Amino acid sequence: MVRLPLLLFGAAAAVAAQPRLPFNMSELLNIPGLSQLPPGFSSFSSPLLRFDPSEIIDSVSRDCGMDLQQWLQDAVDLGRATEDCTRNGLNGKSCSHAAAQTLKEKNYALMMLLSTGRPASLPDLSLAWWGNYPQCKAAKAPDFTTSYCFVHLSVDFRTIGGALVEGLKEKLPAMGTEKCSPNTPENLKLALCLPASCAKDQPRLYSLLSDRTGDALHVCSLECAGPKKDKDWFFWIVNCALLFLIALTIFVSAIDYMAERRETRQQERAMSRNMDRRGDEDIRSSTMWKYIGPFSFYTNASRIFAPHTNATIRCLAPIRTITIVWIIMGHSMLQEADADNPLRFLDALDSFWNTIIFNAYAAVDTFFLFTGLVLTYVFFRKIDAHPALLRDTTMWAMGYFHRFLRLTPAYIGFVLFVMAWLPQLHGPFTSGSFTNTTYMVENCEKKIWMNLLYINNFDGMLESCYGISWFLATDMQLFWISPLFLAAFIYSGLAGALVSLLAIVLSVAAGFYFHIHYDLPATSMTRKSIYSPDFNKYVYNKPWARLSPFLIGVLLGYVIFRTRMGKLNIRRYFNPFVSIACWAASFAAAFAVIFGLHDNITGAVDLTSVERACYFHLGKIGWALAVGWVILACELDVAGPIKPFLEHNAWAPFGRLTFCAYLVHWFVIHYFYDRMDRSAHFVSIWKSMLSSGIPVTVLSFIAAFFWSALVEAPCIQLEKNLLMERDDEGKRSPEPTLMTYYPSPVHRDDKIPAKTLDVQTINVQFFDDEEPAITRSVANTMSSAQTDSMRRYKEFQRRIMAFDDTTSSPKQRQLSRM
């Protein structure tokens with residue numbers, strides 16, 4: 001198989017100062033040790049043997065031609081010397097001095113040739129023909145350096161016969177039917193060890209090769225391992241900003257830690273003497289701390305690892321965590337399609353249980369459900385606590401502004417980090433992958449403004465900046481239209497439900513139109529449709545296709561709010577029989593969404609366009625209802641042992657990191673795979689999960705923790721300190737960001753005397769909200785000393801336990817100033 005790439009690029013060796021090489025292509029292909037061409041490639045290989053050097057003398061750069069001439073001439077000399085030594089050895093003689101010297105000096109040429117890619121095995125014909133990256137880099141030519149590159153080819157396999165490709169044509173009937181398209185899984189990726197002067201596109205040579213092979217071969221691009229660009233001004237600006245942020249974080253964290261220790265010692269001394277604490281003014285009470293305090297890694301980390309509070313919907317955290325792990329695993333497995341045996345990867349589609357990974361697209365709808373749920377729940381909690389907000393004409397505009405500030409710094413900041421670092425981390429895997437990050441970075445340089453405006457989901461998936469960010473754009477667009485539904489719920493619950501249901505019907509109707517009109521597949525990846533641009537263009541990442549789970553979340557958030565406030569009692573309808581029936585229906589719906597498409601994915605069953613539309617659009621409703629029931633069951637306390645499992649405090653930190661984990665995981669995947677010096681080899685889904693899926697997931701959460709503590713949490717707190725309106729009772733709580741919650745700052749101003757503590761304030765802070773009469777009577781009997789002790793206990797509890805006040809009432813916020 002080494003002969004095939006030699007046919008493709010060997011002719012370029014004629015582009016040298018000399019009018020003709022002292023050997024021909026046939027002689028080059030007779031080098032001892034090189035295998036024969038695979039059967040079936042004669043249709044476009046034989047014309048290459050008849051290349052006239054004068055035809056291609058201008059096809060590549062002069063430097064590239066001269067280096068290729070030197071390399072191939074040395075390869076032929078090495079072959080002749082090897083043949084001479086072999087002949088002498090058979091005759092009992094030793095190598096001649098000249099032959100031995102040639103073997104020593106020109107061994108690099110054979111190393112470069114043997115570094116060329118070839119299929120791992122004929123039964124598992126690969127679309128990524130890896131060579132030997134370490135050997136290529138170790139080849140030391142006297143006059144040039146080497147580069148390990150992949151040439152991306154579009155081969156029309158319909159023009160090629162032989163048993164070698166028959167299996168591929170049978171399993172992938174659409175392979176090669178399209179003209180060359182970069183960044184597509186249907187391209188053939190061929191590894192070449194080339195002189196560094198040739199490590200760039202040679203379009204004139206590509207055109208000539210296409211013409212000579214009867215349009216059966218198209219060269220799409222040449223991608224080489226190594227930095228794609230020099231470290232320019234943008235790279236240094238991004239890194240200087242990051243280093244400044246890290247230095248500021250360390251500085252503020254040190255101050256925060258020392259001030260905390262000092263305050264703790266003062267409180268201990270005061271309590272041992274049974275007197276109020278007295279001490280110097282705490283720097284954290286100053287105005288300056290409002291601007292720099294949010295950058296304390298010490299405080300931000302403690303908030304991330306804090307347990308749940310009563311105000312949160314606790315069961316969301318584990319579902320968030322499981323969902324983001326599912327997404328990361330699915331994206332990690334996607335890289336295995338570029339293994340050296342992709343047909344075995346496609347055979348894994350036949351396994352019933354592997355459908356959990358291959359059909360993980362439903363996971364994203366869980367987050368759209370959560371967006372609608374949390375938005376509605378928090379909105380009505382605020383309205384209930386501050387009815388005057390309904391008369392505030394700036395409420396909706398400020399809501400949009402706050403949402404933008406909450407998401408954009410962490411999101412765009414990481415995109416800028418990716419733009420700066422991915423070109424420097426460009427390794428062999430990325431060079432030979434259909435998910436080539438080169439195009440992603442180029443798209444970001446041209447279209448990052450679309451990400452800033454959250455409209456990048458209307459660009460093509462392959463043409464967009466940071467492909468996975470389509471979710472953030474779609475989510476923001478759903479947030480933009482949310483006032484239409486919230487206003488209807490303000491008018492009445494019935495009006496809100498009717499408007500939401502009407503919108504769901506219209507969105508499903510629009511989805512059916514696109515699915516039927518453009519004959520779209522039911523999912524992104526099946527054996528017969530590995531990738532469908534129209535599927536992404538018209539439905540997959542568009543807001544009308546994701547509106548139904550979002551609105552089901554809105555309905556669920558309203559129900560949970562009314563239930564928690566005691567204004568709606570639906571618990572009485574869920575007796576054991578009804579609860580069991582709902583659980584059974586929930587599991588059945590989830591099972592049908594995940595596994596119902598198995599036969600279509602494997603290619604065993606062809607669905608009509610109507611059936612595919614039903615699965616895609618009605619399946620989203622079924623999935624949202626299935627997940628929504630789990631949340632509602634926990635709220636109604638009809639979840640049995642599932643509730644304590646889902647509401648355990650161990651889930652809380654992971655739930656808060658899901659937003660940043662989603663942001664960073666795509667970068668982590670490429671970083672992880674680009675550290676490999678050889679191709680992946682697919683054995684099974686389970687083996688791939690152990691070798692790549694689990695490590696990538698762990699690394700993603702570690703990176704998410706640091707990005708959250710360094711960027712997300714400080715920006716959220718700064719926005720709250722600087723822009724949120726303040727009332728006389730304290731700071732108004734911000735709404736939670738997408739997929740995450742953050743607490744109010746730990747306030748340490750302890751100057752309010754105990755006697756000013758309100759009875760209702762004590763009730764809300766220290767006792768269950770459902771027992772106001774009992775707590776009020778207890779509070780009325782408290783002495784000043786008892787109240788002071790409870791205030792100190794409150795201070796300790798807030799620092800260690802309190803995390804989320806996004807749903808707090810005005811009475812709770814009265815204590816947050818203390």
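Using N, Cα and C of the backbone, Cβ positions are placed for all residues, glycine too.
Heads up, TrEMBL stuff is auto-annotated, nobody curated it.
What TrEMBL says about this protein:
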- 1-17: signal peptide (SIGNAL)
- 61-226: domain 'Nose resistant-to-fluoxetine protein N-terminal' (DOMAIN)
- 233-259: transmembrane segment (TRANSMEM)
- 311-332: transmembrane segment (TRANSMEM)
- 352-380: transmembrane segment (TRANSMEM)
- 400-422: transmembrane segment (TRANSMEM)
- 468-491: transmembrane segment (TRANSMEM)
- 498-516: transmembrane segment (TRANSMEM)
- 544-561: transmembrane segment (TRANSMEM)
- 573-595: transmembrane segment (TRANSMEM)
- 615-634: transmembrane segment (TRANSMEM)
- 654-673: transmembrane segment (TRANSMEM)
- 693-716: transmembrane segment (TRANSMEM)
Go through the chain and flag residues at least 6 beyond the ends of the transmembrane segment (544-561) whose CB is under 8 A from any CB in it; none is fine as an answer. 313, 364-366, 368-377, 380-381, 384, 474, 478, 482, 485-486, 489, 493, 496-497, 500-501, 503-504, 507-508, 510-511, 568, 570, 616-617, 620-621, 623-625, 628, 631-632, 635
Should anything in the same chain at least six residues away from the transmembrane segment (693-716) have a Cβ under 8 Å from its Cβ atoms, list it; otherwise answer none. 245-246, 249, 294-295, 297, 300-301, 303-304, 325, 328-329, 332-333, 405-406, 409-410, 413-414, 654, 656-661, 663-665, 667-669, 672, 734, 737, 740, 742
In the same chain, who gets a Cβ under 8 Å from the transmembrane segment (615-634) while lying at least 6 residues past its ends? 313-316, 319, 362, 365-366, 368-369, 373, 504, 507-508, 511-512, 515, 520, 522-523, 539, 545-546, 548-549, 552-553, 556, 559-560, 579, 582-583, 585-587, 589-590, 592-593, 596-597, 607, 642-643, 646-647
Long-range Cβ contacts under 8 Å made by the transmembrane segment (654-673), restricted to residues 6 or more beyond its ends, are 303-304, 316-318, 320-321, 323-324, 327-328, 331-332, 335, 410-411, 414, 417-418, 421-422, 425, 427, 429-430, 433, 435, 437, 466-468, 471, 680, 692, 695-697, 699-701, 703-705, 707-708, 712, 737-742
Counting only residues at least 6 beyond its ends, the same-chain positions whose CB falls under 8 A of a CB in the transmembrane segment (400-422) are 234-235, 238-239, 242, 437, 440-441, 444-445, 448, 451-452, 465-466, 469, 472, 476, 479-480, 659-660, 663-664, 667, 670, 707-708, 711-712, 715-716, 719, 723-724, 734-735, 737-738
If you count Cβ pairs under 8 Å, which stretch among 352-380, 468-491, 498-516, 573-595 touches the transmembrane segment (311-332) the most? 352-380
Counting Cβ pairs under 8 Å that are 6 or more apart in sequence, does the total for the transmembrane segment (573-595) and the transmembrane segment (352-380) reach three or more? yes
Mind checking which residues of the chain, 6+ beyond the ends of the transmembrane segment (498-516), have their Cβ under 8 Å from one of its Cβ atoms? 484-485, 488, 538-539, 544-545, 547-548, 551-552, 554-555, 609-610, 612-613, 616-618, 621
